[in-house]
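Engineer: Structure below; questions to follow.
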Amino acid sequence: MALLPYSKCIFLCVIIFLFFTLSSVSQAELDAHYYDKTCPQAEKIISDTVLSASKFDQKVPARILRMFFHDCFIRGCDASILLDSTPKNLAEKDAPPNLSVHSFYVIDEAKTKLEKACPHTVSCADIIAIAARDVVALSGGPSWSVLKGRKDGRVSKASETVNLPAPTLNVSQLIQSFAKRGLGVKDMVTLSGGHTLGFSHCSSFQARVHNFSLLHHIDPSLNTEFALDLKGKCPKLNTNPSAGHFLDSTSSVFDNDYYRQLLLGKGLFSSDQSLVGDQRTKWIVEAFAKDQGLFFGEFVASMLKLGNVGVTENGEVRLNCKVVN
């Protein structure tokens with residue numbers, strides 16, 4: 001067999017080395033035991049902080065779960081949602097979709113405690129992922145082993161939040177949005193079940209009950225009684241910025257009531273209600289409405305998938321979640 005000239009051999013070796021090096025740094029390997037040796041008390045510190053905040057403010061669980069979704073959908077799960085704006089840059093947290101998230105202070109508080117216990121070790125991105133698991137479990141939902149080892153991003157742009165799934169999207173648009181993050185149809189319907197927690201202001205749904213279309217004043221997919229209730233809480237000339245409605249009838253409990261409400265025509269967002277009007281998704285809604293255990297199992301699987309979106313080694317462990325190092 002003929003030997004390669006020395007120069008060609010060196011060239012090929014460099015190419016092979018770069019290939020494996022870039023492969024290893026582009027996609028981080030997450031591990032449930034990532035902090036076992038470097039910060040074994042990390043999860044307890046985070047869980048205690050989340051529990052304390054949730055007792056003080058019942059809105060915390062829904063807000064932290066939403067924070068995790070919104071963080072992972074933009075640039076992947078890199079805690080870019082936590083970065084503060086600067087004079088030259090409007091950050092994600094100050095974009096309209098995130099103005100009602102509010103509970104950033106919970107993550108900041110956990111980070112302060114972690115920096116005292118294990119300096120420069122636990123990433124802000126991992127804190128959000130662990131906190132999201134904790135608020136689901138605290139609210140009566142399933143628990144799971146969070147995979148850890150994420151790095152924090154250095155970029156946060158409010159303009160990129162236009163890529164978050166809007167409450168007005170139809171099923172095809174939702175499928176496309178989730179597919180861009182490597183998530184399938186079942187993942188989309190499953191993660192939409194996170195709407196079992198929380199509250200929405202009128203601006204996200206009031207178009208459904210006021211001059212909906214040329215043919216219908218009210219969205220015909222809405223339960224009539226429910227629509228009148230929404231119309232009463234959100235009048236056309238609404239002057240109450242706090243007005244709105246809970247996302248399902250057990251809004252502080254993580255359960256499958258969200259899916260049962262959809263089958264009754266009581267989905268608050270048109271994006272939610274659209275899941276019942278499309279054969280690609282209706283069967284999943286029906287299955288979850290019947291079997292809460294099935295929903296819980298699928299939710300864990302989809303949260304683990306979501307937690308892997310855009311995870312890279314090309315970041316840092318912030319000392320302060322609000323600013324890059």
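Yeah, the Cβs are placed from backbone N, Cα and C, and that goes for glycine too.
Keep in mind that this is a model prediction, so the values were computed, not measured.
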Engineer: Between Cys9, Cys13, Cys39, Cys202, which residue forms the disulfide that TrEMBL gives for Cys118?
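Structural biologist: So the cysteine that TrEMBL bonds to Cys118 would be Cys39.
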Engineer: Just choose from Cys202, Cys321 the cysteine that TrEMBL connects to Cys234 via a disulfide.
Structural biologist: Cys202
Engineer: If you follow TrEMBL, the disulfide involving Cys72 connects it to which of the following: Cys77, Cys124?
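Structural biologist: Here TrEMBL pairs Cys72 with Cys77 via a disulfide bond.
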Engineer: Highest Cβ count within 10 Å among the binding-site residues Asp248, Asp255: which residue is it?
Structural biologist: Asp248
Engineer: Roughly how many Å separate the Cα of Cys72 (disulfide bond) from that of Asp78 (Ca(2+) 1 binding site), to the nearest whole number?
Structural biologist: 7
Engineer: Around the C-beta of Arg66 (site 'Transition state stabilizer'), how many further C-beta atoms are within 10 angstroms, looking at every protein chain?
Structural biologist: 23
Engineer: Since the record lists Thr196, Thr250 as binding-site residues, which of them has the fewest other Cβ atoms within 10 Å of its Cβ?
Structural biologist: Thr250
Engineer: Give the residue from the binding-site residues Asp71, Glu92 that has the most other Cβ atoms within 10 Å of its Cβ, counting over every protein chain displayed.
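Structural biologist: The most densely surrounded of these binding-site residues is Asp71.
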